[in-house]
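A.B. asks: Handing you this structure, nothing more for now.
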Amino acid sequence: MGNALSASLTESEQQRVDAAAFMHQKLDPRGTADLVMIIVISIVYAFDIAAAGWALYNRNYPPIKCKSPLLMAAILVCTILWFVGDIQANGQVPLRGTPMANCRAFAVWIRIILGVCMASALIALRAYGLHRVFRQGRPFRGWGLYLPFLVYCMCMLAFGIVAQALPEEKSMYYIDAVDLCDASNGFRVAIFAILWVTWVVVACLSWRIRKIKSSFNESRESAMACLAVFAVLIFTTSMHYSLKWFPFRTVYRVLATSFDHLVINMFWWAIMGVPLFNCLFRKQQYLSMWVAKLTEDGLNQQYDVSSRETSKRSLSARRVRNSLLASVRATDLYYNDVDLHQLPLDAGYPLFDPAYDAHRPF
C-alpha cells in the first residue's frame, strides 16, 4: 500500500523501523492502533459537529443562547485543527510525499497556533466575559473585553512568523529517514512556556468566576477542565523531555493524542451537554425549570438604584441582570417549538449572550 496508513506492515514502515534501529531506537510501525484511534476520534468529532450544528440551529433557545453557541462552535473548530496537527506531529500518519511533511505549517500553525492556543484563548475569553458581566457589571463587548484576546492573538502571530523565519534546525524540521517532525530544544521550551502560561491564565479566570449566580456558574466544569488540562500538560511535557522519541512507540503516541482530545471533549460537553440534551428531548419543561432557577437565584428582584452611593458599575450590573430576567420572562411566555424569529421576542427584549454582548436584542 506504499506510503498509506495501513493495518499491515508496509515497505515504507519497514524502512522506518530499520532507520530507527540505525539510531539505536526501537520504532513501532504505524498500524492498527493508530488507524483505530484516528477513526474513533474522527467519529467523536463528527458527532460534536452535529451537536454544534444543533446548538447553532437552536441558538435562540435561552439555555443554549447563554452558553455562547457561536463561541463554543469556534472552540470546536480549533480543537479539530488541533487533532489534525496532533496526528501529524505525533507521527500517526505517513508524512512523506504529502503536505504534512511541512512541519512548520502543520505542527506550528495548525496544531499550536490555530489549534491548542486559539482554543485556549477562546476558553479564556469566555471565562473573562462571564467575569466582566457578573463580577464587574460590564457588558460582554468593547475594547476592555477584546483587547487582551487580540494582544494574545498578535503574540501568537508574531511567534508563528518568527518560527517561519528561523532556520529549520532551530524550530521544526522534517526527518526523512523516520518520516517524522522534530523540534529544537529551544523551540520546544518556547512552545511549552506559552501553553503553561495560557492555561495558568485560564485557571485564574475560572477561579475568579467561581461565585457567580448558579444559573450561570460553571466553576465546577471549569475546575474539572483545568485539572484535566494540567494533567495533560504534565503528561505531555514529561514525555517530551524524558522520551524525546516517544512518537516511535505506539502506546505513547496513541496516549498523547487520545488524552488531548478526551480532555477537550469533556470540557465542551460539560458546558453544552445539558442544554443540548434538554433542547432535544424536553424543551419547554427544561426552559420552565431554567427560568425558575433564575428566580431562585434572585435575578427577579427589583434592585434599589436610587442611592447616591450606588456606583456606576453596580448600576450597570443591575441593568444587565434585569434585562436578562425581562428577556427570560418574555421567552417563557412566548416560547414554542416554532421559529423564534417570528415570535414577539423580536420586539426588543435584550438577552445576555456572551457570543455578542450583554445588550444585544434577538
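Keep in mind that glycine also has a Cβ here, set from the backbone N, Cα and C atoms.
TrEMBL: automatically predicted annotations, no manual curation.
Pasting the relevant annotations from TrEMBL:
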type: DOMAIN; residues: 34-255; note: domain 'G-protein coupled receptors family 3 profile'
type: TRANSMEM; residues: 35-57; note: transmembrane segment
type: TRANSMEM; residues: 69-85; note: transmembrane segment
type: TRANSMEM; residues: 105-125; note: transmembrane segment
type: TRANSMEM; residues: 145-166; note: transmembrane segment
type: TRANSMEM; residues: 186-209; note: transmembrane segment
type: TRANSMEM; residues: 221-242; note: transmembrane segment
type: TRANSMEM; residues: 262-281; note: transmembrane segment
A.B. asks: To what whole number does the mean pLDDT across the domain 'G-protein coupled receptors family 3 profile' (34-255) round?
C.D. replies: 87
A.B. asks: Ranking 35-57, 69-85, 221-242, 262-281 by the number of C-beta pairs under 8 Å to the transmembrane segment (186-209), which range is first?
C.D. replies: 221-242
A.B. asks: Six or more residues beyond either end and a Cβ under 8 Å away: which residues meet both conditions relative to the transmembrane segment (262-281)?
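C.D. replies: Long-range Cβ neighbours of the transmembrane segment (262-281): 44, 48, 51, 54-55, 58, 61, 63-64, 67, 69, 72, 75-76, 79, 82, 119, 123, 218, 221, 224-225, 228-229, 231-232.
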A.B. asks: Considering only the recorded stretches 69-85, 105-125, 221-242, state which has the highest number of Cβ pairs under 8 Å to the transmembrane segment (35-57).
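C.D. replies: Ranking 69-85, 105-125, 221-242 by Cβ pairs under 8 Å to the transmembrane segment (35-57) puts 69-85 first.
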A.B. asks: Same-chain Cβ contacts of the transmembrane segment (221-242) under 8 Å, 6 or more residues past its ends?
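C.D. replies: Cβ under 8 Å, 6 or more out: 123, 127, 188, 192, 195-196, 199, 202-203, 206, 209-210, 252, 255-256, 259-260, 263, 266-267, 270-271.
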